[in-house]
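Going by TrEMBL, these are the annotated features:
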DOMAIN    2-98  domain 'NusG-like N-terminal'
DOMAIN    120-153  domain 'KOW'
Amino acid sequence: MYYVIQVAPGTEQKTETLIKERVETELYDRCFHPLRHVRKKFRGEWRDLHEKLMPGYVFITSDTIADLYPELRRVPALTKLLGRSEGEVFIPLAPKEADWLERITEGGTEAEISQVAVAEGDTVTILSGPLRDMEGKIRKIHLHRRIAEVEVDFMNRKTVIHLGIELVGREEA
C-alpha cells in the first residue's frame, strides 16, 4: 500500500536518501518522490528537465506500516505521515489514487512527456503519454510553455499538477 510522507519542500531527495539509509529495507518496498519530465526553452534552446511532480511529498509502499512508522520517526527530515487519525491509524492512498500514481509514472518514479497534436479551432488531442485518457481532468494546456494543468483528487482534496507536453504537429480536420 502507498503511504504519503509530508516533508519540507526542497528536501524530498534528502528525505528519500535518509529513509533508504536509516530504515531497514525489509519494512518497505519502494520509497520515492515522483518527478515530471518537462522541456523548457533557455536562450532559444529547448532543454529536458526533471522537476518534482508533487513538491513536499515522498511516497513509500509498505504492508507493515505499524512496524515502519517507528523507524520513520528516526528520520530527521520527516514532517509527518499523512492520513493519521485517532488511534495511531495511518490511512494509505485510496486504490484509485494509487492506480493513478502508477499509471502516470508507468510504474516508475517519473511522469514522462505526453505528445499532443492541435487540430483546427485549437482543439488539442493527446496522442500518447500519461495524459492519455485524462482529457476530462485537464484544466488548461499552455502550448507555448509545453505544460498541461491537470486537476486530480489526492488525499481527499482537489490538487492541480503540471505535466510536460510535446507538440508533435497539427492534425487535419
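Note that Cβ sites are derived from N, Cα and C of the backbone, with glycine treated the same way.
Keep in mind that TrEMBL annotations are predicted by a computer and have not been checked by a curator.
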Give me the mean pLDDT over the domain 'KOW' (120-153), rounded to a whole number. 84
Residue distribution over DSSP helix, strand and coil in the domain 'KOW' (120-153): 6 helix, 18 strand, 10 coil
The domain 'NusG-like N-terminal' (2-98) resolves under DSSP into 26 helix, 38 strand, 33 coil
